[in-house]
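> Would you mind keeping the following structure in view while I ask a few things?
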Amino acid sequence: LFPLSAMAPLPAPTAASAFLFHAPPRGHHHHHKPKPASSSRPTTTLCSAAPSSTPSLADQLEPLSRMLLTDKPTPAADRAQRPTPEPTWVNPSRPRPTVLSLRRQRRRPAANHPSSAPLQPLLRDLRALPEDADLAPTLHAFFPLPGSPPTSSDALLLLNYLHPSWRKTLSLLSYLRALPADAGFAVDTILFNVALKSLRAARRWDEAERLALDMLDSGVPLDNITYSTLITAARRCRQFAKAVEWFERMYSPASGVLPDEVTYSAVLDVYAQLRMKEEVLALFDRARGSGWKPDHVAFAVLAKMFGEAGDYDGIQFVFKEMREVGIKPNIFVYNALLEALGKTGKPGLARNLFEEMAAEGVEPNARTLTAVAKIYGRARWGRDALQLWDQMRERKIPADSILCNTLLSMCADVGLVAEAEQLFEEMKNPDLTDVPQPDKWSYTAMINIYGSIKDADRALQLFVEMLQSGIEANIMSYTIVIQCLGKANRIRDAVEVLEAGLERGLKPDDRLCGCLLSVVALSTGEETELVLGCLEKFNGNLVKLIRMLGDNQVGTDELKDQLKAVLNAAETEVRRPYCNCLIDICQNHGLPARRPRELFRFAQGYGLYSKLHIRKDDEWLLDLRSLSVGAAKTAFDDWMAALSERVTQGQPLPQSFNVFTGSSTHKFAQGLASAFAAHLEEAAVPFRPSESQVGSFVSSRVELVPWLQTSSSSSRVVAG
């Protein structure tokens, strides 16, 4: 926003400055989950010593390091690893089902196979043995040598019978491999494959890879099923690098084996899990060139990958390839495409796809409705989502808890309180309807609705009801209740809820800390110390920063270092809300007047307030929608100071100026537009509400420049 002529002369380019100017810009923080950024730090090499008068590279990079935040929060010792869902797999040795499902084709158990009748006594004996027992004595007694060795059919039936127990499977395989050569029995690839499938089902990757390497050492050939089983086992165990390694070994000319359609689909999913988009497309093209016809699994993987990346062109590529191959989407491919379109922000196209699915006769399921409800909720199409819900209930499509909770959350987003209450009551009376009973997520969604309309009594009543019904509240429930009580100025009640949660084993996260910061901003006097005392129990650095803000003796550098430490220790998505609340605290509690501007500029330097300013040829716009009331005032005052400096220096200005605070037409809006209008009136800045756009304040150069010129100092600009 500042003119180049107003800035200090740039120093001569150095290695550090060249890196800074060519580094990619930091991404803007949206409400979506942020993508992990790859490190672009330059590597240094040892070189001859520079003259003492020349600063070292470390000294040159030191100012840059002070301006950067870490991409990920500082790891905490007590932070548990979040579980990740397991991928699906399709058996390559049998016809694949026509849907993406974890269920296989139903097969007769090995123990009930007609040819297993002579083996029933042996099967009973093996069942009675402990899990880690040696099966060799029992097997030797049933198959005495040299006269009665087991046949290949007997071995295969026994391995299939022992499939649920990977230890007994390996013990049986060891017995078969130890049979003497004169017994006339040879362990072939099929038996190894059955053992590998048992290890895959048990998620024993180390044992599976060890067995495969043993096959290579023993000269047993690995066939297509062997490689496919290993690749899918590695994927199921989240060993994606190993899956790629075995696929590359399979694809090498020395293996003598070519991947089939199931292997291609599995490896595409592995590459997608690793976010290796280029490798996915390269493998897809290479497989298509070799004559492979992609199946529904492959297209669902591609749709999911492009959806996670927000790549609408990629989704169009999936549609194009499906038309060329001649495959019509099934319900699971439609679900993947709908979810992808929702993540790319294309609600209209998602609705058209849903209508196309109905026209094709594909029956939607609960996951379909969940995806559509999320899309409609983000697009503020609440009535459409509820109408769809009524239609699906008339058709008696079964609803699961995920769908019902999604509809409740959608009602919270668009302000449909009565409809949410009706659905919640139906969930509490499952005998009258076919919907599931409410769980902790259902209660949390309803508490969020009451918290959004500032009905603290009903939110707290429902929270107590959840605890009394035996449903343990999650961290989100506590956060919403505390925030609702804080907005209702019931600070002591909020502190009591927090302390009760801590006694029940609640582990506060960064979002709860941000909620407590907002409560601190709303509190006064002794209540402020109560909240800070609770916050200090699990985030002492944040409380230390607040106390530093109120200390006039604390310098700018010291404050900046403490802020950087707090932000680096926090999740990326809460860093901007932290700064918003800290600025609100400074303004509401009468802290030194310079603190809000300092915090705003520190956060702006860290990239937390990027894209607030939009410059066009004839209009400059300030977008305040993502800021709190205090932060919005500070951002506007900082903008006015910059414009005042441009006027003083004679720099050109556009014809018009626009400040956008959001429409605030939604019943759950926090009133940023009205608070900002009061700030404009107090500062007597010549901005007026726009006649064409609600929540927008406009001014012209003719009106604003005289005001900037007559403002005696920045103290008037920063009034209030």
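Using the three backbone atoms N, Cα and C, a Cβ is placed for every residue, glycine included.
Below are the features listed in TrEMBL for this protein:
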REGION    23-58  region 'Disordered'
COMPBIAS  25-35  compositional bias 'Basic residues'
COMPBIAS  43-57  compositional bias 'Polar residues'
REGION    72-97  region 'Disordered'
REPEAT    188-222  repeat 'PPR'
REPEAT    260-294  repeat 'PPR'
REPEAT    295-329  repeat 'PPR'
REPEAT    330-364  repeat 'PPR'
REPEAT    365-399  repeat 'PPR'
REPEAT    400-434  repeat 'PPR'
REPEAT    439-473  repeat 'PPR'
REPEAT    474-508  repeat 'PPR'
DOMAIN    622-705  domain 'Smr'
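If you look at the structure here, what lies around each of the features I listed?
Over the repeat 'PPR' (188-222), the average per-residue pLDDT in this prediction is 92.
For the repeat 'PPR' (295-329), the list of distant contacts is 88, 90, 96, 98-100, 261-262, 264-265, 268-269, 272, 275, 277, 280, 284, 336-337, 339-346, 357, 360, 362: same-chain residues at least six beyond its ends, Cβ to Cβ under 8 Å.
Note on the repeat 'PPR' (330-364): DSSP counts are 26 helix, 0 strand, 9 coil.
Within its own chain, the repeat 'PPR' (365-399) is flanked in space by residues 331, 334-335, 338-339, 341-342, 345, 347, 350-351, 354, 357, 406-407, 409-411, 413-416, 419, 434-436, 666, which lie at least six positions past its ends and keep a Cβ under 8 Å from the stretch.
For the repeat 'PPR' (400-434), the DSSP counts in helix, strand and coil order read 26 helix, 0 strand, 9 coil.
Tertiary neighbourhood of the repeat 'PPR' (439-473): same-chain residues 401, 404-405, 408-409, 411-412, 415, 417, 420-421, 424, 427, 480-481, 483-485, 487-488, 490, 493, 497, 501, 504, 667-668, selected by CB-CB distance under 8 Å and a gap of 6+ residues from either end.
Helix, strand and coil counts under DSSP for the repeat 'PPR' (474-508) come to 26 helix, 0 strand, 9 coil.
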> Which residues, given as numbers and ranges, are at least 6 beyond the ends of the repeat 'PPR' (188-222) yet have a Cβ under 8 Å from it?
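Beyond its ends, the repeat 'PPR' (188-222) has Cβ neighbours at 89, 93, 152, 155-156, 159-160, 162-166, 169-170, 173, 176, 229-230, 232-234, 236-237, 239, 242, 246, 255, 257.
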> Are there residues at least six beyond either end of the repeat 'PPR' (400-434) with Cβ under 8 Å to its Cβ atoms? List them, or say none.
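Same-chain residues near the repeat 'PPR' (400-434) but 6 or more away: 366-367, 369-370, 373-374, 376-378, 380-382, 385-386, 389, 441-442, 445-446, 448-449, 452-453, 666-668.
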> In the repeat 'PPR' (188-222), how many residues does DSSP put in helix, strand and coil?
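Within the repeat 'PPR' (188-222) the tally stands at 27 helix, 0 strand, 8 coil.
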